[in-house]
Amino acid sequence: ILINNIAYRKFSSCRARSPQVRQWLVKRNQSTITVEAGTSSTPAATVPSAATNRIVGRWLLGCSGLVVGAVVLGGVTRLTESGLSMVDWHLVREMKPPQTQEEWEAEFFKYKQFPEFKILNHEMTLPEFKFIFYMEWGHRMWGRLVGLAYILPTIYFWRKGYFTRSVKGKVLGLCGFVFFQGLLGWYMVKSGLEEKQDSYDVPRVSQYRLSAHLGSALLLYTASLWMGLTMLLPAHKMVESKRLMQLRRFAKGTGGLVFLTALSGAFVAGLDAGLVYNSFPKMADKWIPDDLLAFSPTLRNFFENPTTVQFDHRILGISSLAAITGLYLFSRRMVLPRRAKIAISLLATMAYTQVALGISTLLLYVPTPLAATHQSGSVALLTFAIWVLAELRRMPK
């Protein structure tokens, strides 16, 4: 604009100026101003900041809460033996449950063709079928809600520019994992619908697929919770000492042990292993039961023998309690931020509560409300373990 104005004045000062030149300069000056005004009115892309990080962090915490709901609801569905009531899978069509009597009769007829009805529920009535159907339907609808809660905000935040480059990759991974989790759920259900020739065992889903389904849900929850906490909670400025590094390693190992214990609970649930030895601390008056390694080859016992699976879960639970107690005592000798101390104290409190719930569930022959509370407690314990790790993380460089 400045150059155009100088040129305009220069030409104006000349006696022999041309009207055509004067008109051209005026039009050029006006068009330049119009273009710059249009450019300045274009909104700039949002740059990720502390404010956008807080928004994304809260969203991720909300998503992790929905995943917890799915895990809890899935546990109740398993405990009420409702997971095999829906014998097919449709992404959209099954969102509307049966409405009329004819539709319910048709759905019930489909269920009657599969092993669970023939072997276990051959005297089931239509009202009883409706209960287990709605349990499984609610679990599947909750899973779709989880998917929407991840995917739709991801699209919005991406367009608004709320994600950094590293966060983009992580969020895409979370969305992909949600989709994988849904497919894995149906793959698990299919294992319980298969006809097994000359078998009269209680129909149940494969404990391998059940543990994979639960494990992937826990991984999704852990990743979402970790990202949310690290975005919302600023890292503490702590003096990097040898004891602090030891505490971090101790906390990481403890968190891994808590995760492994929760995962072993899926094998207990898949094999109904909580019903084989309902005594504690011994198993049928023995520290090591006689049928601990009854299957051959030996490795099968750790995944298919209910006695061994329950024994392993006991050992892992007690080991987790010992590790968390040691972490608590070790941290008492150190100067730590207040939030970190609170997180470790809550982790220790939850560990003792969870062990008490587990023993009570075992001694009372796995009542559904208590068993569901015990399963929920495993997620709560994992939550506190992740919180401790978030409080002890290093300051970013």
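Placed from the backbone N, Cα and C atoms, the Cβ positions cover glycine too.
Here is what TrEMBL says about this protein:
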TRANSMEM  59-79  transmembrane segment
TRANSMEM  141-159  transmembrane segment
TRANSMEM  171-189  transmembrane segment
TRANSMEM  209-233  transmembrane segment
TRANSMEM  254-277  transmembrane segment
TRANSMEM  313-330  transmembrane segment
TRANSMEM  342-366  transmembrane segment
TRANSMEM  372-390  transmembrane segment
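The stretch in 59-79, 171-189, 313-330, 342-366 that contributes the largest number of Cβ pairs under 8 Å to the transmembrane segment (209-233) is 59-79.
Residues 63, 83-84, 86, 89, 140, 143, 146-147, 150-151, 154, 157-158, 163, 205-206, 209-210, 212-213, 216-217, 219-220, 223-224 of the same chain lie 6 or more positions beyond the ends of the transmembrane segment (171-189) yet place their CB under 8 Å from a CB of it.
Sequence-remote contacts of a segment are chain residues at least 6 beyond its ends whose Cβ falls under 8 Å from one of its Cβ atoms, and for the transmembrane segment (313-330) they are 246-247, 250-251, 253-254, 257-258, 260-261, 264-265, 267-268, 273, 280, 344-345, 347-348, 351-352, 354-355, 358, 381, 388. Just going by CB pairs under 8 A, the stretch in 59-79, 254-277, 372-390 that sits most against the transmembrane segment (342-366) is 372-390.
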